[in-house]
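Noted in TrEMBL for the protein shown:
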DOMAIN    349-441  domain 'Major facilitator superfamily (MFS) profile'
TRANSMEM  37-58  transmembrane segment
TRANSMEM  70-88  transmembrane segment
TRANSMEM  94-113  transmembrane segment
TRANSMEM  125-146  transmembrane segment
TRANSMEM  166-186  transmembrane segment
TRANSMEM  193-212  transmembrane segment
TRANSMEM  280-302  transmembrane segment
TRANSMEM  348-368  transmembrane segment
TRANSMEM  388-410  transmembrane segment
TRANSMEM  417-435  transmembrane segment
Amino acid sequence: MPPRPALNPDPANRAWAPAPAPAPGLLAMRGKLLPLAGLYLVQGLPYGLQSGLLPVLLRARGLSLTRVGLAKALYAPWLFKLVWAPLVDTRGSPRAWLTLSTAALGLVCGLLASHPPAAAGQAGLPVTVAGLLLLLNLAAAVQDVALDTLAVRLLEPAELGPGNTVQVVAYKLGAVLAGGGLLAFVPTLSWPLLFLLLAAAYWLAAALTWVAPALRQLPTPLPSEHPRHTLHLGQDLLAVPGTLWTVGFVLTYKLGEQGTSGLFPLLLLDCGISAPELGLWNGVGAVACSIAGSSLGGALLARRRQPLPLLKSALQFRLGGLACQTAVLFHLDSPGASLAPSTVLRGAALLSLCLQHFLGGLVTTTTFTLMMRCSQLAPSALQQATHYSLLATLELLGKLLMGTLAGALADSLGPRLCFSVFLALSAMPMLYLGLAPNTLA
């Protein structure tokens, strides 16, 4: 979001004079970041809907943690972005792909408005609603590839920090609007009205995408005369300097955090915290802290801080925060523990949510900057957006794998042992960071 015009004091006459005009480079960067921010915001809506709203509603209906976790299988289209990433790279313009995929999101939301969720007493989601949510993820995944294509081509090396901050912050803001925000308004906002509003937002975003000046200036890539075989393409992608190490890191750096962030709110729900209050803290409050952490990461990177040293410090703080949350969990799982209002344990539990999201935002922004830096090392003959889509897909695979299995782990091992495993998994990336290649320094 661009800063508001400021007034600077004139020391000579102590009068207030208008601030100097922004540098042309700053204006150019704003012209790039504003449309990217709007598109990443609407892209985060499906994620917030399914990660913040549906798990709490399903758990409130009495579903086991295992079945709630398995509902994350609706994210499956995100794992196949490499199927259409080469098409987005080489066929048509990014603006056309963005416009069509965003309009498709609006169409699916319009269809969801006419299909209400499960009736009282029905376990799980109706097949029609689940299928439409699957299509929603498919359209959002196509939009994500097109948006990554724009980001890789638009942003200069000096703009990677602010650009990735905008990406993460806007995406999470969209997620909180569709997740925690909806939990607070679902009792008064009907299902049809909710999805009609989402459809209107997507169609407006599609229209703005088509007319945005920064997006219209992008050249249309020429079709490749000698398209690579899938196997050769994969080998070429992995041969880019630093890619193998980055693949290992993005697969593992979120395992422990993803397990705790998915389970801890549901355990608080079991302990008596209401769904609206949980939506306020885990949705609005926690994601606001996550946005603050992402903004801090972007500010530090913009001041020429290198991603790897910053990531090392952020991972250390995150491990300490997770240790505190695990200690709170141990107290919650003990006899006589109470989450009644005004108790210290209740405050510690809710604050631990915010702390983990703050540190998670800092880690995520720094990691995405590292991913984009690695993708920019790819030769021009190898499409950089396809390389970035590979890294982003594997990053999501690591999070989705643990998010899906966390409930089953908690049901089989119990909360205490389960969170101890998550704590150990959070320590692994700190050790792995010591093996980072010099090409990413």
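Count begins at 1; order follows the chain as displayed.
Even glycines carry a Cβ here, placed using N, Cα and C.
Because TrEMBL annotations are produced automatically, they should be read as predictions rather than curated entries.
What you see is a predicted model, and the numbers here were worked out from it, not measured in a lab.
Per-stretch counts of Cβ pairs under 8 Å to the transmembrane segment (70-88) identify 125-146 as the leading one among 94-113, 125-146, 388-410, 417-435. Non-local neighbours of the transmembrane segment (193-212) in the same chain are 35, 38-39, 42, 45, 95, 98-100, 102-103, 105-107, 109-110, 112-113, 178, 182, 186; each lies 6+ residues outside the stretch with a CB under 8 Å from one of its CB atoms. Within the chain carrying the transmembrane segment (125-146), a Cβ under 8 angstroms from the stretch's Cβ atoms is held by residues 39, 43, 46-47, 49-50, 54, 58, 71, 74-78, 80-81, 84-85, 88, 94, 97-98, 101-102, 104-105, 108-109, 111-112, 115, 117-118, 385, 389, 392, all 6 or more beyond its ends.
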